Amino acid sequence: MKLTTALTTLMALGLATGAGAEIRLGASLSASGGAAFLGDPEAKTLEMLVEEVNAAGGINGEEIVLTLYDDGGDPNKARTFATRLVEDDEVVAIIGGTTTGTTMSVLSVAEDEGIPFISLAGAIQIIDPVRDYVFKTPHTDRMACEKIFTDMQTRGISKIGMIAGTDGFGASMEAQCKDVAGDHGIEILVAETYAPQDADMTPQLTKIKATEGVQAVLNPGFGQGPAIVTRNYAQIGLDLPLYQSHGVASDGFIELTGVEAAEGVRLPGTALLIADILEDGDAQKPVVMAYKTAYEAKYGEAVSTFGGYAHDAFRLMVDAIARAGSDDPDEIRDALEETRDLVGTTGIYSFSADDHLGLNLSAFRMLEIRDGAWTSID
Amino acid sequence: MTCRRKWIQISIIAAIMLVLPFFFPSGYYYRVGALVFVNALSVVGLVILVGYAGQISLGHAGFAGIGAYACALAPTHLGLHPAVAILLGALISAALALLIGRPILRLKGYYLGVATLGFGILVSMVLSNERALTGGPDGMSVPDLGLRSLLRDMGWRISGGEFWYGLNAVVLLIGIWIALNLYQSATGRAMRALHGSEVAAQTVGIDVPRIKLQAFVISAVYASVAGSLLALQNGFITPEVAGFMHSVEMVTMAVLGGVGSVLGATLGAAILTLLPQVLTVFAEYEQLVLGLIMVLVMIFLPRGLLPSIVAKLRGRGE
């Protein structure tokens, strides 16, 4: 078992470590299983960044040793691995929890043992109520809803139809949107749903089309569903503004829908997605470009928002450890909470005692698809 | 199997459970041990159904899901103590097994497999779709059992891992004891008889549907209690506990260790719980290694690890 641990460490690092001082970081990610499309870029990102920081001399001259486990999206395994990270590998901080399920099971270990933990999952319940040792990098569904509704308000839209996926992502965002709609003076006249595997959403869209007074349509969803909605939307000639969620913010979405159907679709996305068209003065531009270039050169595949979450978590952790000047978990935690204006790919983070997400609505960019490409309309 | 042999088997397992912690280099191993015991408990239940009575179930995770969510839901919505929720979960599982068991167990072979599969999928679908109640695919948190803090008040401070290692060990021993007793009882003999030949069992006056139903209900209760313990020790539960993969995992553990043997099932559960932990270095090849082990066992040790090895040791005896 000892040998196993040693091997893992070596593999994660990709090089042999000397006997010098080191900082032990742990991660439990879902690099395989149903959430692999999230966990895989996250794991790759962490491995890449650890190499990068170590090559540049580590943190305050100390090398980072990363122990990375693949929990396959199983909360049970995640919890066991979290215990293993803390008690066996003796890490001083944990990054991970690709999904809300795995995060929630790692979270209780981190809280019990007093180990700072940055989650990469979306749900608001991770940081609300605020827990001493738990932080997270992705923005919440609720913020995506607010961003969309704010944009609708500026366009003078107040009555909308909604069509949501019944998968975890879609259902959660649907509930959050319904919850905040009132605050923005938005009235949801009709709400339809579809199952994640459905191949045709024409009936639901026809019903929305027939509803009197609808000014725009919102589609909280994930995966192929929103692409089908967008295609059907064009097919039945629905001539209202269509809003998608951050769940489809990738180039793959436009490929699925086709350039024509995607024309004019708006959605909230992160700076990473539009790295190439960010203005030169943009605070996030250097960070986003550096990550994008390094990742694409190393792995030969496009960066994703999800890898960006891991990037931000790692940067936050390294920054906190450097400022704490020690690898004591409690001091790292305190330093994390004092993080101010750290520029990441997702947004600019400032934590405080009662905010462990540290992002505001400005982290989202309102994007519109024009001629098959992303344009920022903020 | 004589009464003495039963106690020898139980003593061996108890001794292993007691001695192992002396070799644990860190608290993490208690946690893995606790997981092994929980899985072994549900697999012992499956041995009663599959090994004794010869009926297959591919939906037993459904009962684990009911047990798990009983511990999450009853304390929050009904204000029940988690310990009572374990019993409630077991009761609901038993009642449900009784209700669906009667029509389902008339089916044989693949048909029974598919019907139970359907049941398991239904449960996991309800758990992931009833968002308002269960929190959907994101899962929900489970309240603390409260026993540990009780022990702490009595001046006995133990870590979470140690506590669950101990508690699950005791529950598993009780589960094994009941299963071994059942094996020797009239009901157990009837189960084994209908496993051998349903027609023959019927001609000697065994109420076949009734005995099948008994095996189904008993194994459902095992799965439910195991699910409850899993939920309580994790403090968080997602619908995956009721998922198809979990059902398959249970059957695999039983078949690997030896589906006719309670001790073999425990061994199977231990191996398949430990392997992913040992194989973290080869995480990418984990599925490959697991599959290979299964194929090799099926070809060379068709009765499962333990029974085949015991038979070999005795020089083809038994």
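Each residue, glycine too, has its Cβ placed from N, Cα and C.
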**Complete:** As TrEMBL has it, transmembrane segment corresponds, among B:210-231, B:254-275, to residues B:254-275
**Asked** With the transmembrane segment (B:254-275) as the reference, which stretch in B:30-51, B:58-78, B:84-102, B:109-127, B:287-306 has the largest tally of C-beta pairs below 8 Å?
**Response** B:30-51
**Complete:** Counting Cβ pairs closer than 8 Å to the transmembrane segment (B:84-102), the top stretch among B:7-24, B:58-78, B:287-306 is B:58-78
**Message:** Cβ under 8 Å, sequence separation of at least 6 from the ends of the transmembrane segment (B:58-78): give me the contacting residues as numbers and ranges.
**Reply:** 42, 45-46, 84-86, 88-90, 92-93, 96-97, 113-114, 116-124, 127, 133-134, 140-143, 219-221, 223-228, 230-232, 237, 239, 241-251
**Asked** In terms of Cβ proximity under 8 Å, which residues at least six beyond the ends of the transmembrane segment (B:7-24) contact it?
**Response** 30, 33, 162, 165, 169, 172-173, 176-177, 180, 262-263, 266
